[in-house]
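Taking it in order: structure first as structure tokens, then the write-up.
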Amino acid sequence: MSRFARLLLIVALFFTNAWAKTVKETLRITWKEGAPNGQARELIYTNGQFPSPTLVWDEDDDIEVTVYNEMAKNVTVHWHGLDQKDTPWSDGTPGLSQRPIQPGNKFVYRFKASPPGNHWYHSHEKMSLVDGLYGAIHIRPKGDRTGLWSQISQDKDDIKAMENAAYDPEYLVVSDWSQYTSEEYWKISTDSGLLVFCLDSILVNGKGEVYCPGQKFLQAELAPGLVEDAFPPGTEVSDKGCFPADLDQVQGGPWNITKRPDLIPPRVQEGCVASRHENATIVVDPSKNNGWVSMHFVAAATTAQITFSVDSHEFWLYEIDGNYVNPRKFVSAVMSAGETFSVMIKLDQEPGKYTMRIPNSGASQVLGGFAEMVYKGCEREEKAGKAYLSYGGNPTSPDVEKNSFFPWQLDTDHMSPWPPNKPRPGNADEEHLLVLGRVGAPYNYTMNTKYLYPVDFQNDDPLLFYPNATRDTENDGLVLRTKNGSWVDLILQVSTLPGDTASFEHFMHKHGSKTWRIGFGTGVWNYTSVEEAIQERPQDFNLETPGLRDTWITAFSIGGEAYWSVFRYFVDNPGPWLFHCHIELHLMGGMGIAILDGVDAWPEHIPEEYQLR
């Protein structure tokens, strides 16, 4: 080899290694008392803080995270939105990729920082997301995004400024919060025989308050038409904004169980006790980045469907679930639990304090949440600005509604991928019909007609290591198998199971790959193939510009109308991946299924350190 060639090789290796660096992180998980909304309870702290620390990496970094479990209960950590290509043992899902991390033990997760974008991490052991183990992840991209920013502004200075703003964004981890721990909360439902989902606060970056504006105010904040369309005439919410727990429309049925609403403790459904604490403050600097600021929102909610807006400020939505989308301008946007959004805001208003309104906009509860966006130097100013959302998440005018993002169906969700990325047209290679709903009790949820996914499913014998463990058993109804290199359609049907005709939304998340939502419609799925459905109902499908995400919302069924959705993906990441509802109560109640992608190319060379012992 010539001296010149040797020099080129050294330079190439240097730059490759300089970019793909190894990053080591340590997470120490502890359990102690805290009061993020001013009311004390026990919760999870990570490295002594709540929520968990934000992790910032560069695309293709080699990541090594050592998790020490210093609690008296099991834990795992799931890296939500990361594809875990060739590292399925680091997905963090008990029973699929690992055994739970027991008290006093540690686990080392190793994976590539991929794909770039806005993601998050959280506990995946039982319902412990309710207890506070969650934090933001930002993977800074290698590639040039000029084509993305030029859709917002053609000005070269703006384009450069937006790139800089996106490189160093503000992070807003939005969560819902209860006065009860996850174990206590679940026990309330099983003891009473009623699904209970009333909360106390919306937190932003671990800060919030308990608001008690009064029952009449909350009743007036109900979404227009909600009671008339979905509940008996005269239905009223409590002084916490919650619907009566024993409503048939809420609980479904009839079920062969005893309902004991008297076993619901005080202050769960009603008996609001206010507490003043503090809300998060986001300080922004209009003198930086030509007045542009990027904000990364993480919906770390367990039940709530979050809406957000900033008084007097429009924003450009440019990324969903770590995927860039062709930017669109809105004044408010709805996020389901599990999703991540990135927005770009121009700081072009009078310097001052502006309220960020972040309420629960779902039909589960009228619950407000707030933060403040403060122009640098205006910390002592009075609040200013025009509100786009009310306390309960209702648009303040018809114009606001027209300029808001609603993700429930094809005709309102036009956030197509950037750069263009579409699925194969026509038929997929495999189709799987999954019927979602409740079976046997208000808190029992299925993804496959009748099968309930246990919280300890395969915990001792994870399917990564024992992929055939469920064959010839009833538990095989909890497993789907696909072939590597195939296109797969997942057809989700809601509101057809007996007793569950009035179905609330489900926030469906697939590990290991993102999916395109190519179809959505009303009625019962009775087609022999997706291709047949496309031919009969072309208006209900989009294979040219469908959205690409890892978390999708199903429809809220009012009056027992059935709905279906079709999600398509390509199998190129063999491993055991959980597909589940991201509402913690629903997953705890059984709404999950294991998808063994690429069973014909199953990982054979699992590193020694991950082998079961």
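The backbone N, Cα and C atoms fix where each Cβ goes, glycine too.
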**Fill in**
Given that Swiss-Prot records His124, His511 as binding Cu cation 3, the matching residue among His580, His586 is His580
**Asked** Taking His506, His582 as the options, which does Swiss-Prot list with His80, His122 at the Cu cation 2 site?
**Response** His582
**Request:** Would you list, in sequence order, the residues of this chain other than His506, His509, Cys581, His586 that have their CB within 8 A of the centroid of the site's CB atoms, where the site is the one recorded for Cu cation 4?
**Result:** Tyr445, Phe507, Met508, His580, His582, Ile583, Leu587, Met591
**Whole-number Å value for how far His124 (Cu cation 3 binding site) lies from Asn74 (N-linked glycosylation site) (Cα to Cα)** = 10
**Fill in**
Grouping DSSP H, G, I as helix and E, B as strand, the residues of the domain 'Plastocyanin-like 3' (468-598) number 20 helix, 50 strand, 61 coil
**Asked** If you measure Asn444 (N-linked glycosylation site) to His124 (Cu cation 3 binding site) at Cα, how many Å is it?
**Response** 19
**Asked** Which one of these binding-site residues has the most other Cβ atoms within 10 Å of its own Cβ: His80, His511, His580?
**Response** His511
**Request:** Find the average pLDDT over the domain 'Plastocyanin-like 1' (29-142) in the predicted model and report it.
**Result:** 98
**Request:** Specify all same-chain residues, apart from the site residues His80, His122, His582, whose Cβ lies within 8 angstroms of the center of the Cβ atoms of the Cu cation 2 site, ordered by sequence.
**Result:** His78, Trp120, Tyr121, His124, Leu129, Tyr134, Ala300, Ala337, Gly338, His509
**Request:** List the same-chain residues at least 6 positions away in sequence whose Cβ sits under 8 Å from the Cβ of His122 (Cu cation 2 binding site), in sequence order, or say none.
**Result:** Val77, His78, His80, Leu129, Leu133, Tyr134, Gly135, Ala300
**Message:** Rounded to a whole angstrom, what is the C-alpha distance between His509 (Cu cation 4 binding site) and Asn484 (N-linked glycosylation site)?
**Reply:** 20
